[in-house]
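A.B. asks: Attaching a single structure in C-alpha cells format; questions to follow.
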Amino acid sequence: MLRRRLNRLLGGDERRVDSRTIYVGHRSGSPNEAIIPPKFCDNRIVSSKYTVWNFLPKNLFEQFRRIANFYFLIIFLVQVIVDTPTSPVTSGLPLFFVITVTAIKQGYEDWLRHKADNEVNKYPVTVLEDGRRIRKESEKIKVGDVVEVEEDETFPCDLILLQSSRDDDTCFVTTASLDGESNHKTHYTVPDTERDLESLNATIECEQPQPDLYKSLGPENLLLKGATLKNTQKICGVAVYTGMETKMALNYQGKSQKRSAVEKSINAFLLVYLCILVSKALVCTTLKYVWQSKPGQDEPWYNEKTQREKDTNLYIKMFTDFLSFMVLFNFIIPVSMYVTVEMQKFLGSFFITWDKDFFDPEIKEGALVNTSDLNEELGQVEYVFTDKTGTLTQNNMEFIECCIDGFQYKYRDASSELDGFCREELFLRALCLCHTVQVKESTEQSQGQGDGLTDQVDGLGVDGEVVPPPEEQRGFIASSPDEVALVKGAMRYGFTFLGLESKTMKILNRNNDVEMYELLHVLNFDPVRRRMSVIVRSRSGDTLLFCKGADSSIFPRVRQEEVERIRMHVERNATEGYRTLCVAYKHLSAEEYAQADKGLREARLALQDREEKLMAVYNQVETGMSLIGATAVEDRLQEEAAETMEALQGAGIKIWVLTGDKMETAKSTCYACRLFQRNTELLELTVLNLNLFLCSCCRSWSSANQDYGFIIDGATLSMVLNTSSESNSSRYKNLFLQICQNCTTVLCCRMAPLQKAQIVKMVKNSKGSPITLSIGDGANDVSMILEAHVGIGIKGKEGRQAVRNSDYAIPKLKHLKKLLLAHGHLYYVRIAHLVQYFFYKNLCFILPQFLYQFFCGYSQQPLYDAAYLTMYNICFTSMPILAYSLLEQHICIEILLDNATLYREIAKNAMLRWGPFLYWTLLGVFHGLLFFFGVRYLFSNPALQDNGQVFGNWSYGTIVFTVLVFTVTLKLALDTRHWTWINHFVIWGSLAFYVFFSFFWGGIIWPFLRQQRLYFVFANMLSSVSAWLVIILLILLSLLPEILLVVFRKPRGPHARQVELKHTYTA
C-alpha cells in the first residue's frame, strides 16, 4: 500500500518518460528481489570554476579572449620571430605582469568558492544504517540513505519526509535560502508509513531532477536542500536528489556578465588609439621607402646590405618593417591600464564594505559587495526600480482597525468591548481560524537562539489582561507577517488562538472558555487567487468555511448587497496606506462538504495537472459566501525612506515603484515617501481607459514647472506589452515609454515578478540605453535585480535570495543615498580620470618616439632604452594613478550628500565623452611635441658638458624620458584635491625611485646584457647645467597652461560648486 501511495504522490508527470527508482535504506521492496544499485551523482556541491589541474590552461584561455591581451601576445610573438628594434622583454614583461596579477585575483576568488563548497560538503550529518546512527560528511550521502535532521539544522539534500517527532506527523521549515521567504511552511509525512524505519521496505518511483521549486513531486512531502527545520525536534527522510541534482543546485543561475559603461568607453578609445598606432606605422613605413628611393640613401657606404637582405622580397621587407614599427609604437596601447582598472575596482570595493555608516546594529551587519566590476556604474544611475514591501516599508505589520458589517472598530480602542452580536464574534473566530499561524511555546533553548526567531516569533504576551499567565510566553509563527498581525488583533479583542494539536484548533474566547474546531482542509493562499480558506467543524457538528483575501478576489464571490457596506471602509483604509483584507464565511451542508472533500482529495492525488484541478475545486467551494468584514494592517515606512527618495530625485534619478500591492495602498506609500507631492499631477492608466489614454497621449509636456506621476497596474501593463499585433505592440510600447520618461515617478501595481523584469528590460533597452538600478529584498525581486545594470539587495525579513543574486547588498534603504551620491560619484570620477590619464601619459610617451623616426632615417631606432620601455607603465607611473583612483575626493563626502544636484554633473558618462577624450589627447600631443622639440633645441648646441664632450642619442632619449616622467607625475599631483600620506608617498616615491633606478641601472656593468646603452649616461646627463635647466624649464612649460587655467579661469563644475558651498557654509 505504501508503495502505491508513494508512486501516486511522488510520481510527478505521467507523460515524462524519464524516471528514477529509489530503494529506501537501500533495501529492496521484496526479500527475493535482487538490487541492482542505480548510479546517481554524489552529494558534493561544486560552485567553483577551476581545479588545480585546469586552472592554468582555462584561466589563460579566458584572459587571452580579451582583445588587449591577445593583441599584446601577438606583438610579443612578432618580437620573438621578427628582427624588431626592441627586445621581446619590453612587451613580454608587462603582459606577464598583467596576466599574473589577474590570475592571482581570479584564483583567490575561486579559492574562496572552494572554501565555501568545502564548508557545505564536509558538514557532519546523521545517517541511519542497519538501525545505527552514523555520522558522515554531507558529501558522502547517497540517494536512498535515510537521513536524520534536528531542529535548526539545514537539510543536506532533497528528502522525502518519512517520520517526524511531532504528534501530528508534520514539520515546519523555512526556505529563505531557496525562495527568499523566511516564514514557516508546513510539511507532512508520507501517509501510512511504518513507525519503525529499520523494517521499512519501500521503493520510490519519481521523476528526474527538475529546477522548478513549486511544481515539485509531492510538494507537501519534499524537504529541499538549503531549507531549515524549525519548531520540530527532529525528522527522518530519505534522500531522493543529491549534490548538483538538488533543486537548490539546479536553481543556481550564474549571473550574466554585466559590463559597465566605462568599459565600453575604454574599448571605443582603444580603437581610436589602435587607428593612431596603425597610421603611425603606415606613415613611417611609407616614408622609409620614399627616403630610401633617393640615390645613396638605401645603401650608404658605411652600411652595405648582406646578400640575404638583397635577395629578400620587397613586399615581405615592407611588411616586416611595418610590423617592426607596430612593435616600436605599440606602447601607445596601455596594457597595464587593464590591470590597474582591475586592482582599482577590487581594492575600491573594500571601501564600501568598510564604511561604518552602512553598519546596522539591529542585524549586526554592514554592506556587502558581490561584484566589484560595477563600482563606477553607481555614479551613473538614471532609473531606480524599487520594490515596496520590505524595501520602502519595514514589512513589520501592525493591526490598526477592523470593519464588521460596516461598523468600524479601532485597534487603539481595543479596551472597549465589542457588541455581543454573533457577527462580531464570528468575525473574530474567522481571524483566529483562517490562517497558517503556529504557536511555539517559548523555552530556554529557543530564547537562547537569536538566529531566525527574531523574524518569526512575535506577539509574546500582547495583552496580559486577556492572555492567561500560562500563555504569556507563547510565540506565533506564520507564513506571513500579516497573519500574525491579524491573530494579535483578534487577541486584543478577547479571542486568543491557542494552537493546533492533532488537527484540532483551539480558541480561548472572551469568557475564558476554550472552543475547539476540527481542521478539515486548508485551501492555501496563492498569488493568482489572492485569498486563502479553511474548512473547520465545530463541536456542534457545523461545517464552516472561512475565507480571507484581497477585496478584488473576495467581492465577486459574496452577495453584492453586502459589498457596499464594506467597500467604503476598504477604499478609505487603502487611501491611508494600510494593507486591507476582506473576511467572508460560508456554512457548508453535509452534501456540499462531501462533494468538496472528494474533489480536494482527488485533486491532491492527481498525477497530471494537479495545480489546475486544485484551483478548479477551490473556485467551486469559494462561491456564494457571506461577507463579514475587513481588516486594516499598517506596514510602516523604512527609516529615512522619504529623505532617501527625495535625495535621489534631487540627483535627477527617476524612480519607479514596482509592487504586487493594490493601487490605493501603493499610492499612499508613494505620497508618504514624497515620491508624489501634493502638486504632482497623477496620470492613471487602467484597462478601462487604456485606448482613450494612449490615443490622447500626444499632449504637450512643455509645462516645465509641472511634475507628473504615472500609475499603471499589472493587467494593463500586460495589454501594453503583449498586444496581439506587432505593430500595435511596438506603438503602445513607444507611447508608454514616452509617457513614463516625462514623469518623475512611475508606480506599477499588482505586478508579477516576471513583469518587474520586463519593465526593467524595456527601459534598459530604450533610446539612450539609460543605466538602471533595481533594489529589493525578496525572492520576487530577484528577476529585476538580475536584469538591471546594477542590482541591490536589502538584508530584510524576506530571506537572502535577493542579497545573494545582487551586485551589492545593504542593510537598509537609507544606505542607498550614500552608496549612489557619495561612493558612486567618487568611483566614477576616479576611474574616468584613471582611463583618460592612462591614454594621455602613453601618448606623451610614444609621440617623441614617432617624431624621432623623422631624424634617424626611419630606421626603427628606439629613442628610449629597453629598461625604460619596460618600466614606464609598470613602475614609474603606475602607483600614483592607482593611489589617486582609490583615495581621491574632489568634493568631500558631506557636501556630496547635502547637495544631490552634484550627481547630475557627472550623469550620462560626462567625463568619458569624446569632448574630454579629445582634450586629454590634445594635451598629450602638446606635451609630446614640447618634450621632443624642447630637448632638440637644447641639442642644437653640441657641447653640453664642461669638458666639451657631446651628448649621444641615448642621452637625448634619457633627457626626454626624464622630462616625461616628472611631467606626467606632477600633472597628477596638480589634479589631486584630497592629499593623504599615501598620495605623498607614491608620488614623490615614484620620482625618487626613477632617479635611483637610473643611477643604479647605468652605474653597474651588468654581465647578462650584450650591450649596455645607459652606462653612466644618467650621471653624465645630470653633470650638465644645461640639461638641468632644460629639464626644469620643459616641466614648467608643460604644466604652465594647467596652472594658469586653474588660477585665472572662472571655476565651473563640481570644484566650483564645492568652493561656493564652502563659502556658504563659512558665511
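Quick reminder: no glycine exception, Cβ is built from N, Cα and C everywhere.
What you are looking at is a predicted structure, and each value in this text was computed from that prediction instead of being measured.
Feature annotation from TrEMBL assigns domain 'P-type ATPase N-terminal' to 37-91. Per TrEMBL, the feature transmembrane segment maps to 64-82, 268-291, 322-341, 867-887, 917-939, 954-973, 985-1006, 1026-1048. Summarising the annotation, TrEMBL assigns domain 'P-type ATPase A' to 123-248. For Asp387, Lys388, Thr389, Glu483, Phe525, Lys548, Arg579, Thr659, Gly660, Asp661, Arg750, Lys756, Asn780, Asp781, the entry in TrEMBL reads ATP binding site. Here TrEMBL flags Asp387, Thr389, Asp777, Asp781 as Mg(2+) binding site. TrEMBL lists Asp387 with the feature active site, 4-aspartylphosphate intermediate. Summarising the annotation, TrEMBL assigns domain 'P-type ATPase C-terminal' to 803-1050.
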A.B. asks: Tally every other Cβ atom lying within 10 Å of the Cβ atom of Asp781 (Mg(2+) binding site).
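C.D. replies: Other Cβ atoms found within 10 Å: 32.
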A.B. asks: Counting Cβ pairs closer than 8 Å, which of 268-291, 985-1006, 1026-1048 has the most of them with the transmembrane segment (917-939)?
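C.D. replies: Selected stretch: 1026-1048, with the most Cβ pairs under 8 Å.
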A.B. asks: Given the binding-site residues Asp387, Phe525, Arg579, Gly660, Arg750, state which is nearest to Asp777 (Mg(2+) binding site) when distance is taken between Cα atoms.
C.D. replies: Asp387
A.B. asks: Restricting to the record's ATP-binding residues (Asp387, Lys388, Thr389, Glu483, Phe525, Lys548, Arg579, Thr659, Gly660, Asp661, Arg750, Lys756, Asn780, Asp781), give me the longest CA-CA distance in Å as a whole number.
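C.D. replies: The span, Cα to Cα at its widest, is 26 Å.
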A.B. asks: With Cβ-Cβ distances below 8 Å as the criterion, list the same-chain residues six or more beyond the ends of the transmembrane segment (1026-1048) that contact it, or say none.
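C.D. replies: Result: 926-927, 930-931, 934-935, 938, 941, 944, 951, 959, 962-963, 966-967, 970-971, 974.
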A.B. asks: Which listed stretch (268-291, 954-973, 985-1006) has the most C-beta pairs under 8 A with the transmembrane segment (867-887)?
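C.D. replies: Top-ranked stretch among 268-291, 954-973, 985-1006: 985-1006.
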A.B. asks: By CA-CA distance, flag whichever of Asp387, Arg579, Arg750 among the binding-site residues is nearest to Asp781 (Mg(2+) binding site).
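C.D. replies: Among Asp387, Arg579, Arg750, Asp387.
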A.B. asks: In the predicted model, what is the mean pLDDT computed over the domain 'P-type ATPase A' (123-248)?
C.D. replies: 79
